């Protein structure tokens, strides 16, 4: 392991408290002035090991006084903040898309905690002075540079001393709960998980987040891309702190700024904007940039007090693993709270009821958006989230970044297993593992493993023990090898295997059925049209074609009519097709879909299932 330089910063408190000041985060009515003084500290033993050429240290300590009491703030660089293939995209005045891969690994965004305080946390930017927030003795404090000429002065203040931008409570636009949440939480909490389910819940999960900034927000910050970047980095850094208790790690995989014009129609009606953004992600973003979830930050003022909206229980869905958030506050912590709330909906969590609580402070999933950066998930939210994970098991969250992809030096205690490490359970103060040595990031004596579906009581599970049950007709169960803590790669039924009571045939691990495809396009209550619609619509250019050649729609042969444009019905409306966007596959019957007894759609042709694969 590479020894890391520890840096101690001493804060000298200014002899008076300010009465009122305008800071970058807003008007502050009461604050303390402190002067950070950086004091290098040698590692234990007095020998300073060579360090890689970096601008910012991996680990730092800050010592200062809060209300006259000395505290030590430990900080560690959030090495999981950016994905290994992070990109930034903006647009030239002529509309050209410009995408770069900036070197962001030597960044200045940190997580931390107050020494000797169990329930403390921090999210700090050290890019230009110290900016962020930390929790001390149950209260949230903010720190921010005063930016006075020839001065290193900073302000420390509490949330209650920030002048509110308006008195109207901010709310989330989600009004309907998912059907799975109709069961009372009290009843859910009485259910007992199987050992396999408990192991799945304990596995670390990762969300690769793509953030889009619309044109109005871009102009609100004087068309300054650097200012936008820093703002988004701070938000995602805070988002990470809020999701750590759920065992989720959020990596920013891309940031896109619509610097020329908006790429979708953004309206004050939040549901319309959400739907448009979801379609854009599916048809435009995903083909060029993989991601697990996308959030749109907008400068528009949504109708009423609404500042965000998301689909519920849709993580990993191409069109619905999205959220839209109004950039409703100067303080990044407040917007980050809204981002956390809407992502919670994507993860299957509904609004908390009156019986839910978070011990102290506001709950993240309250229908009224919290202005506290360290609000927590209630026990109701945790149970609801776990129920969603066990029911749906979204696969995209299990894509763990490879240790070889992390290019910065390894740091023991940051929860990421990196080069030279066999486990990483966090700092010695935070480590909850009986199998991992938090100081060395090696297994404890005689331990074979720390975590994984095939790890039990620090030992590999026996060969043949099931580690991943079949989740549906097209999936196969996996068993441990006895030689590894990891469950073998997910495997599927052969293509052409009957599924869903012979309604379809398996194709690449899924059971494509027209009814489900109609629901994905048109929402609940939509069904596939009768067979005669597929014959009638062959004479309608927009709905009766199998492929497009040189801009011309080619009609389907009679035998292939069920493999072209998908036709759906809802209520009295029959034979509905969905207009083709610039994505030629949008609204088409998916490959592998059943088009007759013993027949499937392959390359827009209805062929015998025995010869198709």
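Even glycines carry a Cβ here, placed using N, Cα and C.
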Check Swiss-Prot: it lists 341, 345 as binding Zn(2+). Then name which of 328, 351 it lists for that same site.
-> 351
Simplified DSSP label at residue 568 (disulfide bond) comes out strand
Integer Å value for the Cα distance linking residue 595 (disulfide bond) with residue 396 (Ca(2+) 1 binding site) is 29
Would you mind checking how many other C-beta atoms are within 10 angstroms of the C-beta on residue 418 (Ca(2+) 2 binding site)?
-> 20
Nearest to residue 414 (Ca(2+) 2 binding site) by C-alpha distance, among the recorded positions 208, 345, 363, 511, 546, is 208
If we take the Cα of residue 423 (disulfide bond) and draw a 10 Å sphere, the binding-site residues of 292, 345, 351, 396, 416 inside it are 416
Work through the binding-site residues one by one (341, 345, 351) and point out the residue whose CB has the fewest other CB atoms within 10 angstroms.
-> 351
Among 363, 396, 441, 546 [recorded positions], residue with fewest other Cβ within 10 Å | 396
Going by DSSP, give the three-state secondary structure for residue 416 (Ca(2+) 2 binding site).
-> coil
